[in-house]
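This report concerns only the one structure given below.
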Amino acid sequence: MCFLRRPGAPASWIWWRMLRQVLRRGLQSFCHRLGLCVSRHPVFFLTVPAVLTITFGLSALNRFQTEGDLERLVAPSHSLAKIERSLASSLFPLDQSKSQLYSDLHTPGRYGRVILLSSPGDNILLQAEGILQTHRAVMEMKVNHKGYNYTFSHLCVLRNQDKKCVLDDIISVLEDLRQAAVSNKTTARVQVRYPNTKLKDGRNSFIGHQLGGVVEVPNSKDQRVKSARAIQITYYLQTYGSATQDLIGEKWENEFCKLMRKLQEEHQDLQLYSLASFSLWRDFHKTSILTRSKVLVSLVLILTTATLSSSMKDCLRSKPFLGLLGVLTVCISIATAAGIFFITDGKYNSTLLGIPFFAMGHGTKGVFELLSGWRRTKENLPFKDRVADAYSDVMVTYTMTSSLYFITFGMGASPFTNIEAVKIFCQNMCVSILLNYFYIFSFFGSCLVFAGQLEQNRYHSIFCCKIPSAEYLDRKPVWFQTVMSDGHQQTSHHETNPYQHHFIQHFLREHYNEWITNIYVKPFVVILYLIYASFSFMGCLQISDGASIINLLASDSPSVSYAMVQQKYFSNYSPVIGFYVYEPLEYWNSSVQEDLQRLCSGFTAVSWVEQYYQFLKTSNISANNKTDFISVLQSSFLKKPEFQHFRNDIIFSRAGDENNIIASRLYLVARTSRDKQKEVIEVLDKLRPLSLSKSIRFIVFNPSFVFTDHYSLSVTVPVLIAGFGVLLVLILTFFLVIHPLGNFWLILSVTSIELGVLGLMTLWNVDMDCISILCLIYTLNFAIDHCAPLLYTFVLATEHTRTQCIKSSLQEHGTAILQNITSFLIGLLPLLFVPSNLTFTLFKCLLLTGGCTLLHCFVILPVFLTFFPPSKKHHKKKKRAKRKEREEIECIEIQENPDHVTTV
């Protein structure tokens with residue numbers, strides 16, 4: 001190996017160049033030996049992967065389990081909301097107070113919920129009798145368990161004061177309306193106010209979550225209701241932590257959903273939408289059931305595309321079965337990874353649907369690159385040497401890209417990831433990448449060895465029979481010549497490589513390369529990139545987090561229908577926020593009262609403190625000290641029927657003869673708009689800091705906070721860590737690769753593709769949830785997988801001009817890139833027909849990933865690389881210097897030998 005020093009080049013530059021050359025040659029030598037090993041022992045490398053697949057695949061069938069805890073999967077694993085839940089539950093058990101802590105979709109425990117929606121223009125309050133009939137049907141519904149019949153009254157959550165079932169207050173309002181209708185009174189006699197209304201027993205009740213689509217009486221100071229479109233009723237079940245009770249509750253929920261479907265057929269004037277505690281999990285898992293057949297269709301499409309794109313008219317050099325076997329190689333590696341996952345007690349969830357597509361996109365890239373590497377080898381070499389040369393040419397880059405896949409998804413599986421679904425996905429993806437790499441160089445490499453042996457012995461690539469001689473073919477019909485032709489007629493004197501006749505390679509060489517490097521095309525490509533960058537930047541400014549669980553459910557499921565109706569008619573108020581004062585407080589102190597009022601300002605409050613202050617004022621009672629305050633509270637206020645329910649909101653302690661209030665709770669409800677979730681997160685972020693700055697020590701909690709607390713940060717951390725990891729690896733290897741500009745261009749290309757996918761998916765109404773984040777991590781690797789070979793071939797090319805270098809790069813790697821991206825995109829098409837929000841997100845993100853990568857590899861990079869470094873002039877100068885030196889030597893020889901001139 002000889003290294004010539006440039007004039008003026010420092011010694012360190014020489015050493016770095018030597019180190020890069022040694023590393024590159026060392027890796028190529030290792031891959032060459034690996035190829036020789038595989039070519040000499042193909043049966044062994046074919047058998048071992050097959051045995052592994054059979055072993056782990058069969059084990060997976062016996063251990064298949066699904067994940068039933070949705071909170072564990074999609075809620076942030078470590079959040080302040082979970083700590084607040086633990087503290088709040090230690091003070092006031094959540095199972096007893098879940099009726100007060102209303103939450104849209106994340107109510108804890110078991111329950112049944114129904115929305116009754118009237119026809120457009122109708123007032124649902126005038127249909128009280130029909131709604132109460134539905135209510136009575138629920139109350140009388142029975143479920144059988146071990147010979148005993150259970151009704152709602154056996155399973156319901158009981159009130160502490162009278163041990164009756166906890167029911168929504170809207171039921172009491174409807175009873176009053178029905179009685180008024182029966183007694184021929186006008187509905188004006190029953191005053192329904194919104195959001196707070198006064199019940200018959202004297203209580204003030206918040207019904208903002210039970211009455212929807214409200215139209216108030218114009219100019220009404222007391223917020224009287226003129227009409228309403230929807231009513232929401234929730235039936236809360238008690239579980240007691242018993243497995244038997246939980247089983248009975250599950251049966252009751254199933255019967256409840258069946259009853260709602262039956263009642264919908266009977267009540268044509270009302271639309272019924274039901275929800276139960278298991279509905280979200282059922283509709284989340286439903287995506288997997290809906291996708292089964294579509295995944296098989298996707299596999300068939302990829303197999304067909306790979307087979308056709310690997311074919312040629314030349315029956316000797318065509319490799320259709322290698323394309324098919326390459327896809328099957330990736331499939332069995334995925335099956336092995338799934339077996340390992342289930343053997344290690346993994347539980348399946350619908351987010352893992354992306355792994356086959358992710359692994360296929362990377363695995364088939366290695367398959368097509370090996371096929372292209374085989375075509376670039378010399379035909380006159382033995383097939384074992386050709387396999388080794390193909391490994392030496394391809395496996396270095398494939399090893400590097402596989403390592404980056406492992407690093408990025410390994411970082412996603414690290415403890416820094418706060419979403420369990422993302423962590424599980426990344427762990428499985430790491431295993432899939434390792435097995436993918438092993439199966440490509442072993443199983444598919446063995447298939448390549450057998451195919452090479454058939455080609456060397458001149459066997460037909462499809463029928464595996466000997467190819468007749470040219471003289472024999474000339475005497476046969478045209479159809480026989482077409483089927484059995486080995487391409488001897490197509491090969492001309494100026495084109496000695498028969499593989500140049502592959503239709504993709506021929507198209508790129510003869511048509512596309514000349515067109516894309518045309519000087520008149522380049523301005524339009526620059527304009528196209530500016531448009532691409534503008535839309536991407538515009539989308540990046542509109543990113544929104546996807547904390548809503550609806551993004552992961554089947555789109556035609558009852559849960560999604562319920563959530564849409566709920567969002568439309570019950571979005572005026574946030575979920576009920578529990579305001580827990582967990583330290584003793586001087587409630588009788590005027591400054592404390594002012595602080596409480598200031599904290600509760602802007603909220604609709606359901607507060608014992610506010611009601612008590614009003615009671616003292618109305619009764620003209622003075623309670624300015626601790627003794628009077630607590631005495632009147634216990635002996636008078638809490639004993640009145642309309643205030644007895646506040647007993648559950650205060651914790652008293654007795655020290656000697658003195659009573660103390662050690663903790664209490666209030667309920668706050670914020671006014672919201674259609675974007676309820678975002679506004680609730682803003683309210684939470686504003687209230688929490690106040691608990692540290694104010695003299696009142698409190699926490700705020702609602703069950704939905706567990707799913708939304710810092711979700712946007714939790715979900716974006718994996719892609720940020722993965723991106724940082726890729727950037728760090730590329731920077732650290734800046735001086736180890738054969739040309740540093742290759743890494744520089746790779747960083748720019750990957751950044752452009754990543755930001756393009758991020759911006760365009762936002763414009764396509766894709767939120768930042770766990771699925772889109774996983775796709776963004778994959779985009780980093782997919783871009784590197786396809787851009788790296790193209791860029792490194794370009795920077796190492798020694799042609800005279802950049803245009804010739806990019807043509808050479810496209811001719812060398814363009815076929816494999818186009819084959820892989822085309823197969824990848826065609827394989828995504830069946831996902832479009834799965835009625836699921838999860839698969840819609842997966843389809844959109846992966847389609848943008850493939851599309852943006854294709855755009856950069858075949859349009860943007862071929863044009864931009866002709867404008868910017870690396871310059872190819874020094875190669876031209878070197879060749880001119882060598883030619884000039886050779887001419888001078890020839891002249892000297894002529895001068896020294898005059899006889900030669902005379903002879904000539």
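Heads up, residue numbers simply count up from 1 along the chain you see.
Glycine is treated like the rest: Cβ placed from N, Cα and C.
Feature annotation from Swiss-Prot assigns domain 'SSD' to 291-450; the stated evidence is sequence analysis.
Around the Cβ of N149 (N-linked glycosylation site), the same chain contributes K142, V143, each under 8 angstroms and 6 or more positions distant in sequence. The N-linked glycosylation site annotation in Swiss-Prot covers N149 (among others), and the record cites sequence analysis as its basis.
Cβ neighbours of N625 (N-linked glycosylation site) (same chain, under 8 Å, six or more residues apart in sequence): W588. The N-linked glycosylation site annotation in Swiss-Prot covers N625 (among others).
Annotated N-linked glycosylation site per Swiss-Prot: N820 (among others), in sequence order, evidence recorded as sequence analysis. Counting only same-chain residues at least 6 apart in sequence, those with a Cβ under 8 Å from the Cβ of N820 (N-linked glycosylation site) are G361, T364, K365, F368, H786. Secondary structure at N820 (N-linked glycosylation site), taken from DSSP and collapsed to helix, strand or coil, is helix.
According to Swiss-Prot, the feature transmembrane segment maps to 41-61 (among others).
Annotated transmembrane segment per Swiss-Prot: 295-312 (among others), in sequence order.
Feature annotation from Swiss-Prot assigns transmembrane segment to 323-343 (among others); the stated evidence is sequence analysis. Through the fold, the transmembrane segment (323-343) approaches residues 49-50, 52-53, 55-60, 63-65, 299, 302-303, 306-311, 355-356, 359-360, 363-364, 367-368, 370-371, 428, 431-432, 435-436, 438-440, 443-444, 447, 823 of its own chain, all at least 6 residues removed from its boundaries and within a Cβ separation under 8 Å.
Taken from Swiss-Prot, the feature transmembrane segment applies to 351-371 (among others).
Packing against the transmembrane segment (394-414) from elsewhere in the chain are residues 24, 27-28, 31, 34-35, 362, 365-366, 369-370, 372-373, 422-423, 425-427, 429-430, 433-434, 436-437, 440-441, 718, 721-722, 725-726, 729, 774, 777, 780-781, 784-785, 788-789, 792: each is 6 or more residues past its ends and has a CB under 8 Å from a CB in it. Annotation source Swiss-Prot lists transmembrane segment at 394-414 (among others).
The transmembrane segment annotation in Swiss-Prot covers 431-451 (among others).
Marked as transmembrane segment by Swiss-Prot: 523-543 (among others). Cβ atoms under 8 Å from those of the transmembrane segment (523-543) belong to residues 516, 752, 755-756, 758-763, 768, 855, 859-860, 863-864 of the same chain, restricted to positions at least 6 beyond its ends.
The feature transmembrane segment is assigned by Swiss-Prot to 718-738 (among others), with sequence analysis given as support.
Sequence annotations record features per position, and here Swiss-Prot assigns transmembrane segment to 744-764 (among others) based on sequence analysis.
Long-range contacts of the transmembrane segment (771-791) within its own chain (CB-CB distance under 8 A, at least 6 residues past either end) are made by residues 351, 354, 358, 361-362, 365, 369, 397, 400-401, 404-405, 408-409, 412, 422, 425-426, 546, 551-552, 715-716, 718-719, 722-723, 726, 742, 745-746, 749-750, 753-754, 757-758, 761, 809-810, 812-814, 816-817, 820-821, 838, 841-842, 845-846, 849-850, 852-853, 856-857, 861, 865. Sequence annotations record features per position, and here Swiss-Prot assigns transmembrane segment to 771-791 (among others) based on sequence analysis.
If you look at the transmembrane segment (823-843), the same-chain residues 6 or more away from its ends with a CB under 8 A from one of its CBs are 286-287, 290-291, 294-295, 297-299, 301-302, 305-306, 309, 327, 350-351, 353-354, 357, 360-361, 364, 550-556, 560, 766, 769, 771-772, 775, 850-851, 854. The transmembrane segment feature in Swiss-Prot is assigned to 823-843 (among others); the stated evidence is sequence analysis.
Feature annotation from Swiss-Prot assigns transmembrane segment to 845-865 (among others); the stated evidence is sequence analysis.
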- Summarise the model confidence on the domain 'SSD' (291-450) as a single mean pLDDT, whole number. 91
- Message: Should anything in the same chain at least six residues away from the transmembrane segment (351-371) have a Cβ under 8 Å from its Cβ atoms, list it; otherwise answer none.
- Response: 73, 287-288, 291, 295, 298, 302, 306, 309-310, 319, 322-323, 326-327, 329-330, 333-334, 337, 390-391, 394-395, 397-398, 401-402, 405, 421-422, 424-425, 428-429, 432-433, 436-437, 439-440, 444-445, 448, 552, 770-771, 774-775, 778, 781-782, 785-786, 789, 813, 815-816, 819-820, 823-824, 827-828, 838-839, 842, 846, 850
- Which of the three DSSP states, helix, strand or coil, fits N149 (N-linked glycosylation site)? strand
- Query: the transmembrane segment (41-61): which same-chain residues, six or more beyond its ends, come within Cβ distance under 8 Å?
  - Reply: 329, 332-333, 335-336, 338-343, 438-439, 442-443, 445-447, 449-450
- Near the transmembrane segment (431-451), which same-chain residues lie under 8 Å Cβ to Cβ, leaving out any that are not at least 6 residues past its ends? 34-35, 38-39, 42-43, 45-46, 48-50, 319, 321-322, 325-326, 329-330, 332-334, 336-337, 340-341, 355, 358-359, 362-363, 366-367, 370-371, 374, 383-384, 387, 390-391, 395, 398-399, 402, 405-406, 409, 461
